[in-house]
Structures are given as structure tokens and as C-alpha cells.
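Copied over from TrEMBL:
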BINDING   106, 111, 116  oxalate binding site
BINDING   109, 111, 116, 155  Mn(2+) binding site
DISULFID  32-47  disulfide bond
DOMAIN    61-209  domain 'Cupin type-1'
SIGNAL    1-22  signal peptide
């Protein structure tokens, strides 16, 4: 009986610890500016010598410039991570600028390590996310509106208007990651079997082959 209590207590202790450390750890010093030249491999980026840190390490310029939306999706993103902005290291945050041509689309995707908070700066966006039980939460967003996309859930943004749209997002990880649904399934390398994709999407194999050829 005593042994079963010990096993149960140990299980709860391990479970609690996993929940505590399930997100990025808090910094243990004022800052840890990334040393992107360091050969040390850590979960994140090694710290630069504090004596060599300057105000420039905490500054990034360039988000005032629109991205090139002259592409098939009519969309451009400028994601600023710790690689471009060393001062972000260990703070668990990333910022990005999103530009949409008329009818431009940020295709369905997810960020496995981050919640995203998006603010529309110019124009109108139709945005939404899908829960794990396939419920869609969507909204038309206008200038000044803010929308949150929960961590790991598939979401999208679409310019429903006839003018360019500008938006900014903050993500709750210095390396949020991105999984684009169509690209991942139909553009995988090596390719996912036709048998799997045709059965999953209820399509004939010729259609699957055609879609794969677009990626």
C-alpha cells in the first residue's frame, strides 16, 4: 500500500514538473543578448559577453518597409527572430510584419511553440482559427483591431478588400516555428504516398499528383 502511494506521488511530482517547464524558461539575468557566432549548442542561443553589449543589440530597424506581395499568395511576412534581433534572446517573444495585396492570403498554418497576437494597422482582414474539435472562430478585423491565435492551432488571415493591408503580430516564443498545412502535406520531401493523401482528402490520385506538383 505504501509503495503504491509512493508511485502515485512520484507520478504527480513528474507531471507537475512537466507542466511547470512546458513553456520557455524565464531569464535568470537582466538580459542574454544572443551570440549568434557561438559554437556552443544550447536550447536557445548562447549569451554574448555582457561587457560587449550595446544599445544596438536591443534595436531592430526595417519593419517600416512593406514586404513584396507579388507572389501566388499575394502575401509577405517579415519575421524578426533572435537571429536578426539578438536582444530578444531568452525573452520568449518574436515580432513580425504582415503585408497583404488585395485578396492576399496567409494560408492555413500553425505555430507549434507560440500564441500569436495580431493587430491590423491598415485595411481589413478576415481571420480565424480552428480548434481541436474543428470549430471555427473567425472575425473581420479593421484598423486598430486585435485578435489572438492560441498556441498550436491552425489559423489564417485573408484580405477581403480591394486595397493593401498591413498588420503586425507578436508571438510568445523566440522561435515560434511555422507549419503550413498545404505545404507540409503536399510539399513534403520525400513525398507522402498518393495512397495516403488520396484517402485522407477523398481525392483521386491524379488530383493529388497535380496538387503536389504545385509545391
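If you go along the chain as it appears here, the first residue is 1 and each next one adds 1.
Glycine is treated like the rest: Cβ placed from N, Cα and C.
Distribution of TrEMBL features across the structure.
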{"residue": "32", "record": "disulfide bond", "contacts (Cβ under 8 Å, 6+ apart)": "47, 48, 89, 90"}
{"residue": "106", "record": "oxalate binding site", "contacts (Cβ under 8 Å, 6+ apart)": "73, 75, 77, 98, 100, 156, 157, 158"}
{"residue": "109", "record": "Mn(2+) binding site", "contacts (Cβ under 8 Å, 6+ apart)": "154, 155, 156, 178, 179, 180, 181"}
{"residue": "111", "record": "oxalate binding site", "contacts (Cβ under 8 Å, 6+ apart)": "149, 151, 152, 171, 173, 176, 177, 178, 179"}
{"residue": "116", "record": "oxalate binding site", "contacts (Cβ under 8 Å, 6+ apart)": "148, 149, 155, 169, 170, 171, 172, 176"}
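When the recorded positions 47, 155 are compared by the number of other CB atoms within 10 angstroms of each CB, 47 has the fewest. Taking the domain 'Cupin type-1' (61-209) as a whole, pLDDT averages 94 in the prediction.
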